[in-house]
Amino acid sequence: MPGKTLPIFSTADLRSHSTAKSCYVTRGSKVYDVTSFVNDHPGGGDLILDYAGQDISEIMRDIPSHDHSEAAYEILEDHHVGFLDSTPASKMNGSNGVAGAAPANGLNMDGATDGRKPTYSTTGMSTEEDLTIETDLTADYRTHKFLDLSRPLFSQLWYGGFTKDFYLQQVHRPRHYKGGESAPLFGNFLEPLTKTAWWVVPSIWYPVVAYGTAVGFAGLQNYIVGSAYWVLGLCIWTLVEYGLHRCLFHIDGYLPDNRVGISLHFLLHGIHHYLPMDKYRLVMPPTLFVLLATPFYYITKSVFFYNWYAAVTVFSGGVFGYVCYDMTHYFLHHSSLPDYYKQLKKYHLQHHFADYESGFGVTSRFWDKVFGTELPPLQPVKVE
């Protein structure tokens, strides 16, 4: 049901559901309540009870035993009631943030048992390449019962009745829209306003930076002092970048559990995690930047109250930093880059496919190191 957060079952929990009155089985990491099948299964109820509390992946693929159609798998998905806690199965050091860590960002090793790569439990992905695998729209909606990517997303979100926990669970599982295009958000005259090409950002804001810098330098009448203020603004931006990403865009724990809070979160940043490779919903629309930047302009004026020209120069340096950030963010997702940026790209995409609760720096990982939110190096996991 939409809005329901599925629980995590331990092995002990599973064993307690192994009778005809309450029969659970697993397939990979998923737990299914098949109690209603015990008396109706074509192969006989005893066969189901033989596998009560166990994984049925192999027996469902065993043609001599009983060949299962695609419809059988679809029916099984309708009885999905939770996930198997895979933490004990991991033997890797939990400090690396991959396997053995808390379930929030650990690798689900169950997927490796039938030759597939293990996946991160919160994203359902294994590597950055998974971000560009086209989502099967029908299967995704049938399985997760969240948003149908073939229809306008906002109205589904507004009227869907999703709980905060269910929304956060789903919005951080990346999808990729067919052909790399943009999924419909409003589906009406507002649709063009939701898309921003990358070149719009420097086209609008570089002239503003140039004008503000010229005005500030003219008032300060000292290029050395002016340069110092401008560089200070640029440096301050790096902290603002980290702070906005961590404390506003990822305000998950403090998000109101209602459709207003959920919808605002989705429009502000959730849609980027949901569809991270959407090239037209990656850089910040100019109107949104104006709304977010206005308070910072007045804060800058208050801090540098003694000299308006100094405030304008600092703010101009900060806006230049923002433009560099947005361009960097876009090209990390969509371009081949020099060696330094290749490492930065791997780091940022890890934030998307592995652990969205760490790695908030985009143009650098400096503040992640300072505040202890740096993503650990990815550890290769062999599929046995």
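Including glycine, each Cβ sits where the backbone N, Cα and C put it.
Please treat TrEMBL annotations as automatic predictions, because they have not gone through curation.
Listed in TrEMBL for this protein:
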DOMAIN    6-85  domain 'Cytochrome b5 heme-binding'
BINDING   HIS41, HIS68  heme binding site
REGION    103-127  region 'Disordered'
TRANSMEM  197-217  transmembrane segment
TRANSMEM  223-240  transmembrane segment
BINDING   HIS245, HIS250, HIS269, HIS272, HIS273, HIS329, HIS333, HIS348, HIS351, HIS352  Zn(2+) binding site
TRANSMEM  282-300  transmembrane segment
TRANSMEM  306-325  transmembrane segment
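Location within the structure of each feature annotated in TrEMBL.
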| residue | record | Cβ within 10 Å |
| --- | --- | --- |
| HIS245 | Zn(2+) binding site | 20 |
| HIS269 | Zn(2+) binding site | 17 |
| HIS273 | Zn(2+) binding site | 20 |
| HIS333 | Zn(2+) binding site | 20 |
| HIS351 | Zn(2+) binding site | 22 |
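The list of residues near the transmembrane segment (306-325) in space but at least 6 beyond its ends in sequence, with Cβ under 8 angstroms from a Cβ of it, reads 201-202, 205-206, 208-209, 212-213, 215-220, 226, 229-234, 236-238, 240-241, 289, 293, 296-297, 300, 362-363.
HIS351 (Zn(2+) binding site) carries a helical DSSP state (H, G or I). Mean model confidence for the domain 'Cytochrome b5 heme-binding' (6-85) is a pLDDT of 76.
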